[in-house]
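Q: Sharing a structure here in structure tokens format.
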């Protein structure tokens, strides 16, 4: 039952991150289709100096991609549990699955931060407030979407290795208990 649940969670993680990737790419397309202002006309009507209009579609898809990415990241971290190595001694005793779990956890956070921040910059650039008007608006959604895909793969690998490490820790604890009982 645990292995079936683990497989299901991994599939959900990957599918949700693929969906976030698609949303990021669609947001990039919607942003590129947004009408551009002619600089001279726009500068007469507004002091902001923005050369393009924000895209409502890109904004909505960017928000949806960020929400989905956040939910997947929280889900994987809660279900995967807290996997850590505190000392050199812990590292020497750690199984391969535990070392992999820690490595994938770190990579998962890196992918999350990069994808979330690039999606956020792209989304804010398409908000009605135009606070990020001076930033170049190209490729933020695409980069965020690509990193969402990487996040899905790395986070799924983290979840699988964390569950395997927990199972190994539980089996090792049972064997130690049996060994201690037989000595007594």
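Glycine residues also receive a Cβ, built from the backbone N, Cα and C atoms like all the rest.
Per Swiss-Prot, the features are:
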COMPBIAS  34-45  compositional bias 'Basic residues'
CARBOHYD  180  N-linked glycosylation site
REGION    34-53  region 'Disordered'
SIGNAL    1-24  signal peptide
TRANSMEM  62-82  transmembrane segment
TRANSMEM  99-119  transmembrane segment
TRANSMEM  140-160  transmembrane segment
Q: So which residues does the transmembrane segment (140-160) touch in its own chain, when a touch means Cβ under 8 Å and the partner is 6 or more beyond its ends?
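A: 6, 9-10, 13-14, 16-18, 20-25, 27-28, 31, 58, 61-62, 65, 69, 72-73, 76, 79-80, 83, 100-101, 104-105, 107-108, 111-112, 114-119, 121-122, 125.
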Q: Are there residues at least 6 beyond the ends of the transmembrane segment (99-119) whose Cβ is under 8 Å from a Cβ of it, and what are they?
A: 20, 24, 27, 62, 65-66, 69-70, 73, 76-77, 80, 83-85, 91, 140-141, 143-145, 147-148, 150-151, 154-155, 157-158, 161-162, 164-165
Q: Check each residue in the chain of residue 180 (N-linked glycosylation site) that is at least six apart in sequence and keep those whose C-beta is under 8 Å from its C-beta; list them in sequence order.
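A: In sequence order, no residue meets the Cβ cut-off.
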